[in-house]
Amino acid sequence: MTLEFSQLGLAPDFVDYMQGWDLQRDIHNKVVAGEKNSTVLILEHAAVYTAGKLTEDHERPFDGTPVVPVDRGGKLTWHGPGQLIAYPILKLKNRAGIRDYVERLEAIMIAVMQDYGIKAVTVKGRAGVWILADDKGPDRKIAAIGIRVLDGVTMHGVAINCSNDLAPYAQIIACGITDASVTTMSLETGRTINPADIVDRFVEEFSKHDEALVSTPEGALQ
């Protein structure tokens, strides 16, 4: 395997968003240059709002809370304690296979949730992973995806709602979606599931896609 996993910090050692972004860019440059293997960063962020390239002004926090503009796709979202973040920085085997990459990210998260009895699905026309409307409520998003591919190497990634407070979402139009809500693995199961609880399973599931996704650079560490 040439894919590396690096756990930067989980509760209580939250990672500042800008610190994590700087590290992403540094690793991205090295992967592009063939100086480092493809790497997946795993962490929990300190609380922050981030705005993708498609964010509109009316979707920003209603109380004027600062927002970090980022170069990923998608719109406005929140990251913070209780949410597992994974930033795959991968040299894609198929540069044109971005849709396949996104679908694999969704499949990885769905497989992890199945272990906890959560019936998560994808919804046509909407990125991320969802719980369909049931007696608990309307359609609700349980995991988000926002990526960028530059020089054939991915950045940004996924956010899985494990045990995070949903109050910050009340201040924004999350991901530009007005007709659905958000949820967490803990809410769906009725028991506390923290990011640290699912890391090993996430890594295991992600590793199954290594050969299909990742191009092995010449001289990569084996």
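Heads up, the Cβ atoms here are built off N, Cα and C, so glycines get one too.
Per Swiss-Prot, these features apply:
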- C175: active site, acyl-thioester intermediate (ACT_SITE)
- R72, G73, G74, K75, L76, T77, W78, H79, A144, I145, G146, G157, V158, A159: substrate binding site (BINDING)
- 34-214: domain 'BPL/LPL catalytic' (DOMAIN)
- K141: site 'Lowers pKa of active site Cys' (SITE)
Task: Inter-residue C-alpha distance, W78 (substrate binding site) and K141 (site 'Lowers pKa of active site Cys') (nearest angstrom) - done: 13
TODO: Could you work out which of the binding-site residues (R72, G74) has its C-beta surrounded by the smallest number of other C-beta atoms within 10 A?
DONE: R72
TODO: If we count other C-beta atoms within 10 Å, could you say which of the binding-site residues L76, A144, V158 has the fewest?
DONE: L76
- [ ] To the nearest whole angstrom, state the Cα distance for the pair G74 (substrate binding site) and K141 (site 'Lowers pKa of active site Cys').
- [x] 14
Open item on the list: Let me check the 10 A CB neighbour count of K141 (site 'Lowers pKa of active site Cys'). How many other CB atoms are there?
Closed with: 24
Task: Inter-residue C-alpha distance, L76 (substrate binding site) and K141 (site 'Lowers pKa of active site Cys') (nearest angstrom) - done: 14
TODO: Whole-number Å only: compute the distance from the Cα of K141 (site 'Lowers pKa of active site Cys') to the Cα of V158 (substrate binding site).
DONE: 12
Task: Count of other CB atoms lying within 10 Å of the CB belonging to G146 (substrate binding site) - done: 22
